[in-house]
Amino acid sequence: MSQQGDNPAAAPEKEKSSNARILTIMISAAIALVGVLVILYAWQLPPFTRQVQSTDNAYVRGQVTVISPQLSGYITEVRVQDFAWVRRDEVLMVIDQRIYRQRVHQAQAQLLMKRAALDNNVQQRRSAQASVEQYQAEVINAEAQARKAKLDLQRVENLVADGSLSIRERDASRASASQAVANIAQAKASLEKAKQDLQTVIVNRASLAADVANAQAALELTQIDLANTRIVAPRDGQLGQISVRQGAYVSAGTHLTSLVPEQMWIIANMKETQMAGIRLGQRASFSVDALDHATFSGVVESISPATGSEFSAISSDNATGNFVKIAQRIPVRLRIDHDNALYRRLRPGMSVEVNIDTGSTPADPVGSSAIPGAAQGVNR
């Protein structure tokens, strides 16, 4: 009877414990669900994927060109001021030209001397050719004299045999014949030497012609150096601060100023989780902090072939140690529409906030064909 009396009291305790476990499980599940939803929202994954992808990790960019001299010298003229607008090939500064002008004159004199040597070679060749012809004639004459001496010797031999001439006269004829043969050898040797002299003159002409070409190249180099004393703008644009003044000594590579052209664009560093819907040609807008958040429009022009970390000097290596997953950034380039009157007030380096409408219909932007794989849709 006592056990039966205990059972009614134990049943409510079991039911209460069971309800507590169910409540704990439900709370844990709710917390886990909220955590998953927070992660999905933070990474902008379905169902929280937005049509407009935004980032404040974006900046105005431009082709900033550093203006530097190609040679050393003293600045004699500074024709521009800080932040001046300049045209292409406009002279900005001038380096002392006196030394470089004298080098041009020296190179011109060297070229004239080399050309004179080449012209003299032409005369030497004509003289050598005449010597060859002269010795050829002497060989012919020596051969004729040798034939005559040989015939004379035969006649003397016959006359000596019948006693008409003395042996002394025969010896003299033999000596004359031998001398004629020696004259032939001497004439041929002189002819061969004349031919070698002619060949030397011909070969020397190639060397002299090379000397002329070398002197011409040296002259052109000095002319280039003289032209480089005038530091000109490589394109239209606005200058930065002028870092040198008249009378300052500069060397090759010295930073004189910077030139910023009018063409600018936006680089938006988007998270990799935002890239699923971004395509070339989609419309975008951005606001500029420095212009009281003025809004500009643009178009997605190109997408980086790799994340920004891949282009860093020291790439990350996650093969060892603990690993924490961090969303990587992929640079996206936006072409700026010029319909905003404030466009000329944009400056490279300004911070902007970018919004890309992934729901807009992509259009083929200018320059998309230059992106590797664009034809196959790799970047699209």
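Cβ atoms are placed via backbone N, Cα and C, with glycine included.
Unlike curated entries, TrEMBL annotations are predicted automatically.
Pulled from TrEMBL:
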COILED    118-204  coiled coil
DOMAIN    67-257  domain 'Multidrug resistance protein MdtA-like barrel-sandwich hybrid'
DOMAIN    133-199  domain 'Multidrug resistance protein MdtA-like alpha-helical hairpin'
DOMAIN    265-356  domain 'p-hydroxybenzoic acid efflux pump subunit AaeA-like beta-barrel'
REGION    358-380  region 'Disordered'
TRANSMEM  22-43  transmembrane segment
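Sequence-remote contacts of a segment are chain residues at least 6 beyond its ends whose Cβ falls under 8 Å from one of its Cβ atoms, and for the transmembrane segment (22-43) they are 273, 327. The predicted model assigns the coiled coil (118-204) a mean pLDDT of 79.
Under DSSP, the residues of the domain 'p-hydroxybenzoic acid efflux pump subunit AaeA-like beta-barrel' (265-356) split into helix, strand and coil as follows: 13 helix, 37 strand, 42 coil.
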